[in-house]
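I have placed the structure first, in the form of structure tokens, so that the comments after it can refer back to it.
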Amino acid sequence: LILLPFLSAIADEGNDHSLGVTTTYIVHVEPPYDLFDSIDLQKWYFSFLPETANFTGGKSPIVHSYRNVFSGFAAKLSEVDVEFVRRRKGFISATPQRVLQLHTTRSPEFMGLRRDFGLWKDSDYGKGVIVGVLDTGIFPNHPSFDAGGMPPPPQRWKGKCEFNFTACNDKIIGARNFIDGEDGPMDRNGHGTHSASTAAGRFVGDASVYGNAKGTAAGVAPMAHLAIYKSCTDDCLESDVLAAMDAAIDDGVDVISISFGGFSREYYDDNIALGAYSAMQRGIFVSCSAGNNGPFHTTLSNEAPWILTVGASTIDRKLIRATAVLGNSEELNGESNYQPADFPSTDFPLIFPGLNSTNPRARYCYPSFGNLTLTGTIVVCEDRGGIGKIAKGRVVRNAGAAGLIIVNGEADAYTTPSESHVIPATHLSYADGQRLIAYLNSTANPTAAISFRGTIIGDRDAPVVASYSSRGPNTPSRGILKPDIIGPGHNILAGWYQSLENTDSHFNIISGTSMACPHLSGAAALIKNAHPDWSPAAIKSALMTTADQTNIAGTPIQDQTLNPADAFATGSGHVNIARASNPGLIYDIQPDDYLPYLCGLNYTDQQVGIIANRAVNCSNISSIPEAELNYPSFSVFVGDESLTFNRTVTNVGEANEVYTSRYTVFPSVDVKIEPSSLQFTEVHQRITYQVTFAKQPDAVSRTIIQGSLTWTSASHSVRCPVIAVI
């Protein structure tokens, strides 16, 4: 399980040039307009380097040269080298690369996909679409990547297969490695195999983990091709990620799936955003994980409006019921993948090392228990604290414990992950953890047992926003609501690079926005097949405007506290793929439409040019406010003056269709929509409408109000979430 916090760090390789210690820098330079081939481009990049930096120890200082994501390169440079580079004509910027963190069977069915029915059938399961997965590589021998019945790659495909054995086929049509020192694109982490099989894995029967969650595993787009770009190990270096994006653009992928990120930055300083912009210009859809720093606000990653930013939610399968039975007969339901059949149902002494301890790390089960004897006990550990869940199990197992109960801290509330523990265990919610601690305090000789009860399906609260799913608002651009959407990311069963059970079964259940992102990447592949002429923005609009607002029980989607979630957690709502293929109306955005928006952020010409990868003069562009971008949501700041914003919708439904507007009542804000109805007479017709927001006289300042604006016809409902800040 990868649920690591974001880390922004400078990668210092420590190589000694004659001019000092070197660091890998990402260098942006002006495009060489008079140079066209890769040899000339390489010469142009080398012209920025001092001779003393060239080929130290017989090795080029340039780590990667970029052609598509932007004009520039990554190089190992000393501080003196960098000063030389800064003085060269054509230089734009040089920044030390960051280290980015990975954001880590039933989910397709939960998303509304049915075999031989609906969108799966209509889109031919994504046939002919190429999904590029940037991650930790792939385990190619997994049955999820069987090529039986797959068509050959499209003729436009230009990718490579860098395995040193026969591994690529009509399913995995390309696999490349961009990490120095790695021997190829083989996955030695698991994250990449899990992501790839979630996005586009084939149907695999009898998939399970330790015999639990058994069923037919399938990715969201089972007939789509996979192109693998190994750019991460346990973390991801920006220079490698950019090289992978550069290659994916050149190779001809249709979708790029990125399940990692870093701290929020301005778009011109966010290399994933820069690469994604270039991909979007080529018609490539880019889906990224929102990050695992929830439930706190303003913790997002990958917020650029040309990226689909994906948060994580639960599905209706409780994985997998493991009940703590206390000595007072109280039963507390938790979850665990590992459910040994031979674990005795008898009571064990119950110990919480953090109870009444002066050691602040004791509650998290660090490997130091003082005078406590854990042999033959069930140990209680609080989650997080800088030590992983599996690691907690190893610590207490090594100390002789018989079992483990992990309890959530208050922030994680009811989000309980199901882990492949190394010891009989269960993971309890915060509320049940407090009941357990109350029991510990009520008796001198507390005991407990763990009862394993298998897979439970039918959680009517699902989907619930997972606690770790990062929240908005969008730091670089408060006028664009993020995340865009949520999708299944919690306790997801998919392919794994090794067997956890020493059998032929290679599956695992892990959680994170990393798992949600490939679900939406696969969804984009299905829509791309059904609508090959749609732009990335059109596909994004279709996914967002058709998203669900309610759970299985028909009540508003909840967050980890089981209270209604706000739009900073859900964005447009939970993906409904079945509806997304036929949205009725779309909010389209062409690449040049982003330039007035970027100029409106008060970026300099050079900063906008870095994003657009060409010279831009904002004085010649009519800049617009953030909320004027033709985005399928509204995030507005309402002051004393009323605000009016335009949106243009394109009819992709019936030729003759009439839509009427409706909106939720906004306390403290008056809303006016003109015109109030839209009458379309042909497909692809475009109509512009205006929305005016005005503060009411009794409105309280610094109030955040949320609601929605919806266009409804006889056949379609097209919804935009609205956030208004007074």
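Cβ from N, Cα, C; glycine included.
Lifted from TrEMBL, the feature list:
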{"type": "DOMAIN", "residues": "24-103", "note": "domain 'Inhibitor I9'"}
{"type": "DOMAIN", "residues": "126-550", "note": "domain 'Peptidase S8/S53'"}
{"type": "ACT_SITE", "residues": "D135", "note": "active site, charge relay system"}
{"type": "ACT_SITE", "residues": "H191", "note": "active site, charge relay system"}
{"type": "DOMAIN", "residues": "364-436", "note": "domain 'PA'"}
{"type": "ACT_SITE", "residues": "S514", "note": "active site, charge relay system"}
{"type": "DOMAIN", "residues": "628-723", "note": "domain 'Subtilisin-like protease fibronectin type-III'"}
Study note, to complete from the structure: Secondary structure of the domain 'Subtilisin-like protease fibronectin type-III' (628-723) by DSSP, residue by residue, totals 1 helix, 56 strand, 39 coil
Practice item. To the nearest whole angstrom, state the Cα distance for the pair S514 (active site, charge relay system) and H191 (active site, charge relay system). Key: 8
Study note, to complete from the structure: Students should find that the Cβ of H191 (active site, charge relay system) has, within 10 Å, a number of other Cβ atoms equal to 28
Study note, to complete from the structure: Expressed in Å to no decimal places, the gap between the Cα atoms of D135 (active site, charge relay system) and H191 (active site, charge relay system) is 7
Point to revise | Average pLDDT across the domain 'Inhibitor I9' (24-103), rounded to a whole number | key: 86
Study note, to complete from the structure: Summed over the domain 'PA' (364-436), the DSSP helix, strand and coil counts are 21 helix, 14 strand, 38 coil
Check your understanding: What does DSSP give as the helix, strand and coil breakdown of the domain 'Inhibitor I9' (24-103)?
Key -> 20 helix, 30 strand, 30 coil
